[in-house]
Amino acid sequence: MSEAAQTLEGWYALHDFRTINWTAWKQADVSLRNSALDELHTLFKEWKDVEDAGTGSTAFYSIVGQKADFVFMHLRDTLEELNALEVAFNKTTFAQFTIPAHSYVSVVELSNYMAQPGTDPLQNPEIIARLKPILPKWNHICFYPMNKRREGNDNWYMLSMDERRAMMRSHGMIGRQYAGKVKQIITGSVGFDNWEWGVTLFAEDALQFKKLVYEMRFDEVSARFGDFGEFFVGNLLDGGKFAAMLQ
Ligand code: 76R
């Protein structure tokens, strides 16, 4: 058996994608719509307070295309808290005007391929910050799930630790060229959802997603071993932009 990579886990993640029932929303009277928005703003304020206290983080983006209209990406300490968040949203008046489009459950993950031997990662504040990241409020989000292939000669899980580490080093070197342009959050979802990882990327310039993902396709670990699910791409929202969108 090959040596398994060691992983560190941080906050649990829920990507909650919703579609708006525009017909019902447009038919609702103004007073109901206004109170629905007020209630939503109260919820957003609670999420902001959690983020300010450093006990979780939430990203809120519109989704371009027909896969969904918007996404909440929540990070919290426990699955119970994530569950409570989705239930709280589902109980709002506004949620009655939404239809679940997609969801993804995972946990922020760092693997030890690039770890410094002989050091305790949990004593390193940079590692802690990466395990419990405050999500950036950058213009764009890109989310997709992925697996590492297990087929014939292309079976990631049969490779030695050294072979995998060499490929992950090359992967990391490409990624680092996008430092400051793309922020990546890798969440592990083995045992939680249908794919092995969720990849969430943030950028001010959406073209950087295309450039990074394309460049990685030529790198061995993605070229030989990457299998990908559906891609979601979107634009930053806040309470004000959302209210304008719903006008
Ligand atoms: O520098 C480090 O310490 C981290 C190095 C690193 C690891 C271990 C790293 C860097 N990644 C790692 C792990 Mn990544 N990453 C992806 C995708 O579309 C594709 O082809 C793949 C999707 C992108 C775009 C991306 C970006 N990475 C992983 C893992 C877990 C693998 C495992 O454990 O087997 C996956 C699934 C994955 C996928 N990666 C980076 C990036 C970027 C931008 C970086 C540089 C980050 C930085 O240095 O800040």
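If you go along the chain as it appears here, the first residue is 1 and each next one adds 1.
Cβ atoms here come from the backbone N, Cα and C positions, even for glycine.
All TrEMBL annotations are machine predictions without curation.
Keep in mind it's a predicted model, so treat the numbers as computed, not measured.
Quick look at what TrEMBL annotates:
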type	residues	note
ACT_SITE	Tyr144	active site
BINDING	Arg130, Tyr144, Pro145, Met146, Asn147, Lys148, His171, Gln184, Ser222	Fe-coproporphyrin III binding site
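Location within the structure of each feature annotated in TrEMBL.
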residue : record                             : DSSP (3 states)
Arg130  : Fe-coproporphyrin III binding site : helix
Tyr144  : active site                        : strand
His171  : Fe-coproporphyrin III binding site : helix
Ser222  : Fe-coproporphyrin III binding site : helix
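Taking Cβ-Cβ distances under 8 Å and a sequence separation of 6 or more, the neighbours of Arg130 (Fe-coproporphyrin III binding site) in its chain are Gly10, Val108, Leu110. Checking the binding-site residues Arg130, Pro145, Asn147, Ser222 against ligand 1 with a 6 Å cutoff on the Cβ atom leaves Ser222, in sequence order. Across the structure, the residue listed as 'active site' and Ser222 (Fe-coproporphyrin III binding site) are spaced 14 Å apart at their Cα atoms. Largest Cα-Cα distance over the residues recorded as binding Fe-coproporphyrin III, namely Arg130, Tyr144, Pro145, Met146, Asn147, Lys148, His171, Gln184, Ser222, equals 23 Å.
Within its own chain, Pro145 (Fe-coproporphyrin III binding site) has Tyr104, Ser189, Asp193, Asn194, Trp195, Glu196, Trp197, Gly198, Val199, Phe228, Gly229, Glu230 as residues 6 or more apart in sequence whose C-beta sits under 8 angstroms from its own. In terms of local Cβ density within 10 Å, Ser222 ranks first among the binding-site residues Asn147, Ser222. Same-chain residues at least 6 positions away in sequence with a Cβ under 8 Å from that of His171 (Fe-coproporphyrin III binding site) are, in sequence order, Met216, Asp219, Val221, Ser222.
Every protein chain shown contributes to the tally, and the Cβ of Tyr144 (active site) ends up with 19 other Cβ atoms within 10 Å.
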